[in-house]
Amino acid sequence: MRSVLSFALLAANVVSAAVLAPFDYSGYKVVRVPTQKGNVKEVQRIITDLNLDTWKYPKAEGQNADIVIPPSQIPSFMERISGMDREIMHEDLGMSISNETTFEAYSAGYAPDINWFKSYHSYQDHLSYLQDLQGLFRTRSEYVDAGKSHEGRTIPALHLWGKGGKNSKPAIIFHGTIHAREWITTMVTEYMAWSFLSEYNKNADITSIVDNFDIWIFPIVNPDGFAYTQTSNRLWRKNRQPNPGARCPGRDLNRNYPYQWVGPGSSSNPCSDIYRGAEAGDGTEIKVHIANMKKIAAYKGIAMFVDWHSYGQLFMSPYGYSCTARPPTDARHQELSRIFAQALKAVHGTPYKTGPICSTIYQVNGDSVDWALEVLKVKLSLTAELRDTGARGFVLPADQILPSGEETLAGTVAMLKAVIKG
């Protein structure tokens, strides 16, 4: 999801089982203002006049404005929106972040189980967990150091396979946490990895999927940004790559892929949260992921790519760069999206909206989905926005990790069964 947060922040050391100390958001509120006929420009004016940051910025009538308000601006803001509908997403954002960032301890060498999904975790604990998980299933999986981030962190991946051995079937590739603050995507992609491994030869549908595809799961595509959200700014989005001549670091990695790179769905301003970079594909992590995906494609091709995001409860298809163009495979993409959403909803009743990226959420240039479909020629290329629709937004309580994983797995299994069926 998109926003324009840019605060100066304090750093703190990451310690498992400790409450982390990022920038103090105590007293900040997050308020949703649904736009209606005639008030879009007024809501935009309030945001500009009070110099407020947004999690969602309203561009048209009917879109929600999810607005972050510092304590000093709350009286003015509430006066300005008097008479408008509003919903409090976070009464005290600092308290919500404090509750979310109390990590449960994880000891390397522990046999992973469902308890991992009771809490969010530090970057280093994610590496230990993935290696421990793979260690339980050595004959049909491998832990892969897929490459290094700009700051030298490991970009981890799990590679899973069934009958026929590794690299013998078309690949499924899942990406999580390309946007640093979207922590639920890290946990949900790991839940799917855990389920595909632990339920193989127990659950017939999962066994069939693992036997029919090579599965590659990259839970932390943007490790530098992810680590930064745990030490300095919980709401950071981009990577941490410096921008020469600019005071603001980072580029939005999902605006940096070398396809339809320039357009209104990205920014040339290094301080923007949707900064596309100085050149197409110049992000350190994007270079790593392009190289990995090309390598995987060279084996038996890529049957499906899914880039997991939050928040919004959406499951979307190409294109992001255009709201009018459609790929030749549009009907198949829409069919599979509906199958995913229906199966997901059957688990906990969570509704998902489906459709093309541009017309469903907003216009995007240089995104992974369009690049994978048009440049790498992946057969099916999709993206999701996981829970929720805005009640908690990016700061999703830990008690929603497990239900998010359960319903996303159900949707994914149903969708991949349909792919196998043809």
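Each Cβ is built from the backbone N, Cα and C atoms, and glycine gets one as well.
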* In Swiss-Prot, the residues HIS179, GLU182 are said to bind Zn(2+). Which of HIS90, HIS289, HIS309 is said to bind at that same site? -> HIS309
* To do: Provide, as an integer number of angstrom, the distance between the C-alpha atoms of HIS309 (Zn(2+) binding site) and GLU385 (active site, proton donor/acceptor).
  => 5
* Nearest of the recorded positions (CYS248, CYS271, GLU385) to HIS179 (substrate binding site) - Cα to Cα -> GLU385
* Structure fact -> Taking all protein chains shown into account, the Cβ-based neighbour count within 10 Å for HIS179 (substrate binding site) is 27
* Structure fact -> The correct three-state DSSP answer for GLU182 (Zn(2+) binding site) is coil
